[in-house]
Amino acid sequence: ASLLIHSLALCLSYSCLSTGYGPVFEEQPVDTIYPEESPEAKITMSCRARANPPATYKWIMEDMEIDLNAQGSHYSLVGGNLVISNPIKTKHVGQYFCLATNMYGTVISREASVQFGYLDLFSSEERESVLVKEGQGAVLLCAPPPHYPAELSFRWILNEFPTFIPLDKRRFVSQITGNLYISKVDSSDSGNYSCIASSQSISKSVFSNYIPLVPLAERPIRKYPADLKVKFPDTTALVGQNITLECFALGNPVPEIRWKKLDGQLPPNHEVRMAGAHLHLYNVQFEDGGSYQCEAVNSRGKDYHAARVSVEAFPEWMEHISSTEKDLSSDYTMSCVASGKPEPRIRWLKNGELSDRKEMRFSSLTFDDSGMYQCIAENHHGVIYANAELRVHVCAPTFEHNPVKRVLAPKNGRVVIQCRPKAAPKPTFSWSKDTELLYNSTRVFIWEDGSLEILNVTRADEGRYTCFAENDRGKANSTGSLLVTESTKITMAPSNADVKVGENTRMQCAASHDPSLDITFIWSLDGRVIDLHKDSQHYERTLNGSSNGELLIKSLQLKHAGRYTCTAQTPIDNVTASAHLVVRGPPGAPGGVRVMNKTDKSVTLQWSRGADNHNPISKYTIQYRDSFSKEVWKNATTSPTDVEGNTEMATVVDLFPWIEYEFRVIATSALGTGEPSSPSPKDKTLEAIPVVAPSDVGGGGGSSRELTITWTPVQPQYYYGPNFGYIVAFKPQDGHEWSKVTVADPQAKRYVHKDPSIPPSTEFQVKVKAFNSKGEGPFSLTAIIYSAQDAPSEAPVSVDGRALSATEAIVLVHQAGVGSQPSHLCPSVSQVKYWRNQEDSEGRAQRVVVPGSENHTRLESMKPDSHYLIEVRGYNSAGYGPASEHLQIHTKKAPPSRPPRIAGKKLKGRKVNIVWEHVEPLANEAPVDGYKVLCRQQGHSTGTLYTTGKQSIDLLLPTDGNYVVEVRAHTEGGDGAVAQIFVVCSLGLQIQKSICLFRYTFSHLEQTHTPE
């Protein structure tokens, strides 16, 4: 019985009437990374196929079928999905694929891997401190812990989370190694650094132990040439991928990173980010392959690195198999062609088993050739599958699913009546009209596929048509009918039009048609159908009857010019009419702008004229931009001044030498100004001798036996050539020969000449000029400066002082030699150092600077009732002089810490009387000498201050506003704590202090107590 059922199923599978089909994958397994610390103790590998009858599933791991029923198995099947419960790394890591099978055949899924993801903790070993001189570069090593997968992202924190290190031109974190690079260390970099490594695959981050970075002060800070420390390796990218190349350099000044492609232009799909450290290439293509170079440049030197980017490709189908049905004994060839780099290898499977055939060519199909076929294209980047079902069948003709239909045909038109029976092998065809058998003629044709074609249809062709189909398995026929309608005709065709940009115009179109049929109008521009919904801003159909298809074109633009075609279409025929629309507007963009010749201050440009858009070009405007214009285009000065519209060449003048420029050209006509051309390739003007001298030449001061010369550097646009620097000339006022020194740094702004023989405070003449590889420019104006003074040699003549309060004192200083110094010298400055005799060490002393023009200073933030030692010494740029003898000052006791207690408040006409209790100072507080009363408007810090030896005061009340009255005790140690009374003057008076609130009205005075 089972054999009979199988035979029936097999027969049905070969029959033309079979409705089943083999498995078609809808879900396949994907590479899976299972986090070792995952709370979900299972892995699910997907497999689902559409099939009729439904498919059954098997799973293969490392070429072995998985036994789902084995004792202690971690595997189970849910639908077609494989579930691995409580996965174990040693057992379940590997390659998996599934098989889906039904009566029509078997297909295998793509392979997918199971891996366990992990990210260990950083080593617990203490990290060593990194000591770096200021100005030098630093590299902090991340040393990430063992992990899988390989991809990690890195960030660094400073001192505490989440204070992340901002990345800029000076700091860079490599996403390859995780290392932190600082091109030039300064004092602000001091702190403790920790590397954060994050794995996106397993959603985990770990922190390294802190690495102390200690910048070491160095004066002056030295400069270092650019030194590339991050260099991208030879890289292989896949077509369509995005890749990032890294380059970063140490150096002082901070180097600038520049990128280039050595064998061509950088691709248009590139972007430079991270202040130059990253070159991103998006959607990489084969033509993007080649040698790339990064260049690090600062004023002290350059460094280069180059490596290759190779572009390869994942396999991709150019031609692949698809499911088909073929007649028994017919010939058939399956073809699969794939592209890729390296070139993919093609393999074939039938029903999940590898075939040894290199191509699937069948000379006489048998039922055994039916089944599920797969071709596989593979290179070392990946694998792709193409699946198809081949069904070999045989059956007598049948019209059950596709009978001959009723057909409409336009009068004088053409009609095709289709005959599509299901049959294997292919049948022979014949036709009849009513009872008359049809044969091929000048108007009637029977096609090879059985279709009947009739030309120049007339009313006489109406009737019933029957198609007969016959093969060696049987025969069948089907009858349909033909109905002839009136043909469609254009009655009003569109006319040619000529309009200007921004105007509106109408294209007419009307047609006659058979009243029993619906008609639609379709408009196209140069063969492209106009979408009236998407282009509603410019196109609109005017409603003027069903037979009218007029098109309104609004706010015309140049792109709307062309050949407009109106198609009047019914379900059975269509007719077209066309007209040309000319749109006149501003000129199009010129093309091919290029530099033909150049000097140091001019370039000759040539371009190709763009479209004039049916209006003569009257003139051209040339614009330029350079690296200093911040992407702003400026109008260029040209020769001739006016560039006529009939020329395609002009000279741009008044340019700067040795500057990289881009140029673009804009055309103008009577109808307006067009779009600018694409920029010309960047090009530099020729070198020239500098003509701008440094400004603000001056100097003086510095350490002993030094001559310090300063100037404002020349701006880069005035360098006029490479190898730019300065020549500094100087001589004593009474000397005859100039000494000259070369400073090669173009950003330098000072030069210090050290010579033990230079006498202090000597007058010099100095001047500075610029130079480059072309020659030397003019000198600046000559300036008069003085060599550095010697450090003060004598201690201050006298130092005196006294305490002013509990926290302040005044010190009087008479410096030695003041009044006898030459007028050009700055008087020596005094430094006052003070500290408590017993409680503080001299190293914790506070310091105050007294300008040479003054002879006293105030010492603040002192402690009450304390013995202080005061030391004074003079200093200038050359150093410190000897210290004075120590002066002793004893600060006064502190003022009372308790405020006066307000005892009463009374109104006396327009005055208020305020009474307070005497403040009794504590043992360590100064005795009270009197009281201060301040009356001020609320929100203001100043007001009227009263002093009194009494314990009461009468204050004249203001007429309006909010006021504060403050009462405090006054002592020799300063003013004590404050008691405040708030006064509101409007229709009445409110007096509030602490928890008491007083409110005055015209009739009475009341006191209320707010709860504590």
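Even glycines carry a Cβ here, placed using N, Cα and C.
All TrEMBL annotations are machine predictions without curation.
Under the heading signal peptide, TrEMBL lists 1-18.
For 23-115 (among others), the entry in TrEMBL reads domain 'Ig-like'. According to DSSP, the domain 'Ig-like' (23-115) comprises 4 helix, 52 strand, 37 coil.
The domain 'Ig-like' annotation in TrEMBL covers 120-207 (among others).
Each residue in the domain 'Ig-like' (225-310) gets a DSSP state, and the totals come to 6 helix, 55 strand, 25 coil. What TrEMBL lists as domain 'Ig-like' is 225-310 (among others).
The feature domain 'Ig-like' is assigned by TrEMBL to 315-391 (among others).
According to TrEMBL, the feature domain 'Ig-like' maps to 397-485 (among others).
What TrEMBL records for 488-576 (among others) is domain 'Ig-like'. Mean pLDDT for the domain 'Ig-like' (488-576) in this predicted model: 92.
Taken from TrEMBL, the feature domain 'Fibronectin type-III' covers 589-688 (among others).
DSSP places the residues of the domain 'Fibronectin type-III' (693-790) in helix, strand and coil in these numbers: 3 helix, 49 strand, 46 coil. Residues or ranges marked as domain 'Fibronectin type-III' in TrEMBL: 693-790 (among others).
Taken from TrEMBL, the feature domain 'Fibronectin type-III' applies to 795-894 (among others).
Taking every recorded stretch in 225-310, 315-391, 488-576 and counting its Cβ pairs under 8 Å to the domain 'Ig-like' (23-115), the highest total belongs to 315-391. Sorting each residue of the domain 'Fibronectin type-III' (589-688) by its DSSP state yields 0 helix, 50 strand, 50 coil. Across the range of the domain 'Ig-like' (488-576), the DSSP-based residue counts are 3 helix, 40 strand, 46 coil. For the domain 'Ig-like' (315-391), the number of residues in each DSSP class (helix H, G, I; strand E, B; coil) is 3 helix, 48 strand, 26 coil. The domain 'Ig-like' (120-207): residue composition by secondary structure is 3 helix, 35 strand, 50 coil, according to DSSP.
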